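Okay, so here's the structure we're looking at.
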Amino acid sequence: MSTQPTHAIPSYLDQKDPGPWGIYLQQVDRVAPYLGRLGKWLETLKRPKRILVVDIPVELDNGTITHFEGYRVQHNISRGPGKGGVRFHQDVTLSEVMALSAWMSVKNAAVNLPFGGAKGGVRIDPRNYSMPELERITRRYTSEIGVIIGPHKDIPAPDVNTNAQTMAWMMDTYSMNEGATATGVVTGKPVSLGGSLGRVEATGRGVFVVGSEAANDLGIPLKGARVSVQGFGNVGGTAARLFYEQGAKVIAVQDHTGCVHNSNGLNVLALLNHVEQTGGVAGAADSDTLTPAEFWALETEILIPAALEGQITKHNANSIKTRILVEGANGPTTPEADDILNSKGTHIVPDVVANAGGVTVSYFEWVQDFSSFYWTEAEINHRLEAMMRTAYTAISAVAKEHKVTMRTAAFIVACSRILEAREVRGLYP
Ligand SMILES: NC(=O)c1ccc[n+]([C@@H]2O[C@H](COP(=O)([O-])OP(=O)(O)OC[C@H]3O[C@@H](n4cnc5c(N)ncnc54)[C@H](O)[C@@H]3O)[C@@H](O)[C@H]2O)c1
């Protein structure tokens, strides 16, 4: 029998400033009152299952040797193998990778994918390195974390500053070390190497599906609904096109080059073409321009932040006049802004659900790799839409039952699923 107290902040993080992991712990504490008997297992969520810190020594093109710090964190694998991206960024910290891995546990469970949560990172600014150097760094990192990843253990994917080529190198390195081709060890691969059709559009398509469900919930017809979008890349561009194709009026789009507006609705197909030609929305035909403040203050039915984190803050939240906010980006709304929007009755579809389309098609990629049998794009889109709709409906029902926001409801659903698995598996030994 032990009377030792449990400490939520592990000894290897700064107790006073635990960083993103501290934010995640607060979110978990907020969900605790709704977990009923499963609350007994809550500490599970406050401790990553496994953390690997690795040294990555690499010879640079000029012959010098340099070392990078790399991480792979498996937050929870009760519901299946770890799943989560690998980020290359100079500011990556252990606390950040821990928090990101935990948010992957939540996202995967919220959408009911049979995965746990994991994340990886290398402290590097990839812009300072050549392609051959990046290949050597990726291969050595993969080799170092090779002891804990694998198609049945933990499946990395692209994240900030990593892409399909990075995944191809990771897959090849892991396969070389194993002595057998293992396509299922990573997702987000090129299609020629076992990647999935539909992956590029998946996140934007998921945003469209849950946005449509939210509109339906609120009795707002898509036809003629005013939509504005921040970020017109992979996620925002796809979501805008799908809303446009269903007759919604995309009245404003903001990207890093500026903000274009047309109160009668922009021609999204022409705008996508313009961005492909010029690199941004600025200067698009049949549009006037808006300042960022004017963009946020537009009256809309649906607003989609799909660019960066921390865009909706206490400084602009009061001016926002939208019925529905669909978080395409990760963490676009600060907690203070979240409170302001909730008090105004804005229906927020949180990032863990809204942008889960990408990891859902990653799941399909993993399944296809196992069977070496590949689905058509139409099949993938159909299955994606079904999973996103089911996830939205389940979370919306919990929000109504407990009279909580969709964000809290998503955490309740996800944490309950993880802890239910923890409980029925039991503690080993
Ligand atoms: N791509 C995915 O599958 C996926 C999955 C989950 C979450 N996300 C999140 O969605 C967001 C967008 O990802 P993406 O893949 O579409 O990226 P992307 O690089 O394809 O597009 C980013 C867009 O944001 C715009 N942008 C950049 N800085 C801006 C600024 N300061 N103000 C306004 N606009 C700005 C860019 O111009 C571009 O249009 C990110 O937060 C990402 O983490 C993406």
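Every residue gets a Cβ built from N, Cα and C, even glycine.
As annotated by TrEMBL, active site, proton donor applies to K119. Secondary structure from DSSP puts K119 (active site, proton donor) in a beta strand. Within the same chain, residues at least 6 positions away in sequence whose Cβ sits under 8 Å from that of K119 (active site, proton donor) are Y71, R72, V73, H75, G84, G85, V86, R87, V97, M98, L100, S101, M104, D159.
TrEMBL lists K83, K107, S362 with the feature substrate binding site. For the recorded site, K107 (substrate binding site), the DSSP three-state label reads helix. The Cβ of K107 (substrate binding site) has G117, V352, V353, A356, V359, A414 as same-chain neighbours under 8 Å, each 6 or more residues away in sequence.
Look at TrEMBL and you will find T203, N234 tagged as NAD(+) binding site. DSSP assigns N234 (NAD(+) binding site) to a helical segment in the three-state reduction.
Residues or ranges marked as site 'Important for catalysis' by TrEMBL: D159. According to its DSSP assignment, D159 (site 'Important for catalysis') is coil. All chains included, 21 other C-beta atoms sit within 10 angstroms of the C-beta of D159 (site 'Important for catalysis').
Here the Cα atom of T203 (NAD(+) binding site) is found 16 Å from that of K83 (substrate binding site). Neighbours of the substrate site: apart from K83, K107, S362, residues of the same chain with C-beta atoms within 8 angstroms of the site's C-beta centroid are G84, M104, N108, L113, F115, G117, A157, A356, G358, V359, T360, Y363. When the recorded positions D159, T203, N234 are checked against ligand 1, T203, N234 have a Cβ within less than 6 Å of one of its atoms. Secondary structure at T203 (NAD(+) binding site), taken from DSSP and collapsed to helix, strand or coil, is helix. Looking at S362 (substrate binding site) and N234 (NAD(+) binding site), their Cα atoms lie 15 Å from each other.
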